[in-house]
């Protein structure tokens, strides 16, 4: 239970966002609303993404779908794990002591977000290989190698944050809604440097290098194609339409997902580095930057659904399948209803 022990305020719960407390309900209203709202969005959004991938075979033609689905499962687990602080803020009894609960929660969310970050880096590498080695891509990138890569991503993420249980320091601020995490578990500059060097810096450098070269090569290909078509149109007297690099559009979708990820995580990383190096501390800043970063688990769903036409068709067919199921149930209840002819399975694109 997150209660302060301060004289007359002994019954007042611990709140990171102090102005969000209301005595009439006796819990941190603003924190609860933010966390519960994000939890609902993250869980529902990623369940939809997982179902659409399951129902749209064309989405699985891209090898990056392995990593996209890995991110979706990781983001879904982030949403489910957010139920822990939500229940704590609502004064539900915790199964174990608060210190252990907040350590476990902080560790789990850190690992899950590390999986997302590493998956984005692997996606950029995958697209880079597809651009520079198109003829040998299918022999280099095989399903079993992708599965092995995903397994290594999970193991690596666990190992990076495992030292937090051996008094190396706090891996992040995800557990700071618990009083013990906010006041008694401190960051360590050396552990922070370790996390930056082992995770944040390599992932960011890989993403910057690969996407820079992907767009450079695509621009070069587009220029070469336009020059060839210009020469052909001059000889034949017909104007040809310039076709862009075929991988550029899909790379743009993935680049948007990656960009939003780092934009939402940048304030968190800056505050993490600032507190570890200078000792600066702000409960409000830690709460806002942490849950802004966690909100990325929902943003991936939105970006992918708005940017990928195949995903949109899969979502449409999933909606159609659900509507067909509802109509079928209505028909069973009302035998006089005329059933429309059509495929019963809406999970094909």
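Backbone N, Cα and C atoms are what each Cβ position is placed from, and that goes for glycine too.
In TrEMBL, annotation is done automatically, which means it is predicted and not curated.
Check TrEMBL against the ranges 2-25, 146-169 and you find transmembrane segment recorded for 146-169. Taking TrEMBL as the reference, the stretch among 73-92, 233-252 described by the feature transmembrane segment is residues 73-92.
For the transmembrane segment (104-125), the residues of the chain that approach it from at least six positions outside its boundaries are 64, 67-68, 70-71, 74-75, 77-78, 81, 84-85, 149-150, 153-154, 156-158, 160-162, 164-165, 170-175, 178, 181, 185, 199-200, 202-203, 206-207, 210-211, 214, 254, 257-258, 261, 265, 293-294, 296-297, 300, judged by C-beta separation under 8 angstroms.
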